[in-house]
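As written in Swiss-Prot, here are the features:
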DOMAIN    97-420  domain 'PDEase'
ACT_SITE  His173  active site, proton donor
BINDING   His177, His213, Asp214, Asp323  divalent metal cation 1 binding site
BINDING   Asp214  divalent metal cation 2 binding site
REGION    418-450  region 'Disordered'
MOD_RES   Ser426  phosphoserine
COMPBIAS  441-450  compositional bias 'Acidic residues'
Amino acid sequence: MSCLMVERCGEILFENPDQNAKCVCMLGDIRLRGQTGVRAERRGSYPFIDFRLLNSTTYSGEIGTKKKVKRLLSFQRYFHASRLLRGIIPQAPLHLLDEDYLGQARHMLSKVGMWDFDIFLFDRLTNGNSLVTLLCHLFNTHGLIHHFKLDMVTLHRFLVMVQEDYHSQNPYHNAVHAADVTQAMHCYLKEPKLASFLTPLDIMLGLLAAAAHDVDHPGVNQPFLIKTNHHLANLYQNMSVLENHHWRSTIGMLRESRLLAHLPKEMTQDIEQQLGSLILATDINRQNEFLTRLKAHLHNKDLRLEDAQDRHFMLQIALKCADICNPCRIWEMSKQWSERVCEEFYRQGELEQKFELEISPLCNQQKDSIPSIQIGFMSYIVEPLFREWAHFTGNSTLSENMLGHLAHNKAQWKSLLPRQHRSRGSSGSGPDHDHAGQGTESEEQEGDSP
């Protein structure tokens, strides 16, 4: 069947009138819709542009042969097996709130600005739809639906797309993590030092970036993608590979859903670029870059939040804090996140062992204990950033609360260290594994949270 490439939005328009279909080929988002009854299929890692790149690029004297592509796609099949079935297996209808839990979920939403908000309980009460339910509520609470004249049905459709593009089989990088980061971002946007300067656009950007910052995460870090010569690593030339993919996936879904199609073109382009800047800031490999800039601004007292660029920088910092705030939650929730992220690390280690690859730092369950990983992550990544955030907020109640939880949780993990490690502290998770212990999206292995 012949097809005509169209530049705008990466669309493919089929010339055959009987197959009047539109295929949106943005990276991270492919769907086929038409009158032929073909069921929509979302395949985050199979964009058309990726195949072109693989088939036309030479690496280490190797041409993109069919054999090489087949080897690369074998890793994709491993990661996305369940996702490839989404277009085949009918899905149960999505219910925002199960009737049995409606009252409890609504009660929780009334306290969504509290730092002890239990996202795990909320996810259960919403029948696994915590991200969609939370974002719909926050968009309404912040007046974004009215201000930007958003269609509620279209907003819901977009949020469902985002939620479904997270991999539920990932212990850590899943839609619940996205909801947790979004709830944290909501709390940070309410900080008095920041809130009085924020525009509706700032708030919408912050919430959207938080919700989609890890979309279509494969459950492995950037070094893994590089050493397996994954097509995404080739596409982004080993630079912020996962973050770039999250951003492009988000833009693809925004365009497909047409959530912002009624806004001026210049405005939507600006939104897309700012979303990219925010999501790319979560690359743990850029931690020192942002921390140094923040320290300099605070030392020089030259932050002018009336200025859009300075506000955007603080939104980047807020998102970075939200992304790695797990150690600053109450122990019961922080511990769950720590166990989840380490389980994801260990799974990567098992995969590397299976394919006879060198096991990445923090991914060897026999050598890297959860306490040592978490202590290193807190010491090298979390504490430095949150101390500066507290400085920015003027040691607000929330900042003091977070630092208190952080100190308590670190002490808890130290008490759980294997005896032979206690005298010399943690075995060292440095800013190595992405997030040093978490992550890096670029390492991302959690950069995300410990």
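Cβ coordinates are placed from backbone N, Cα and C, and glycine is handled just like the others.
Around the Cβ of Asp323 (divalent metal cation 1 binding site), the number of neighbouring Cβ atoms within 10 Å comes to 30. Taking the Cβ of Asp214 (divalent metal cation 1 binding site) as centre and 10 Å as the limit, one finds 31 other Cβ atoms among all the protein chains shown.
The number of other CB atoms found within 10 A of the CB of His213 (divalent metal cation 1 binding site), across every protein chain shown, is 30. Counting other Cβ atoms within 10 Å of each Cβ, the lowest count among the recorded positions His173, His177 belongs to His177.
With respect to His173 (active site, proton donor), the closest of these binding-site residues in Cα terms is Asp214, chosen from His213, Asp214, Asp323. Over the domain 'PDEase' (97-420) the predicted model carries a mean pLDDT of 97.
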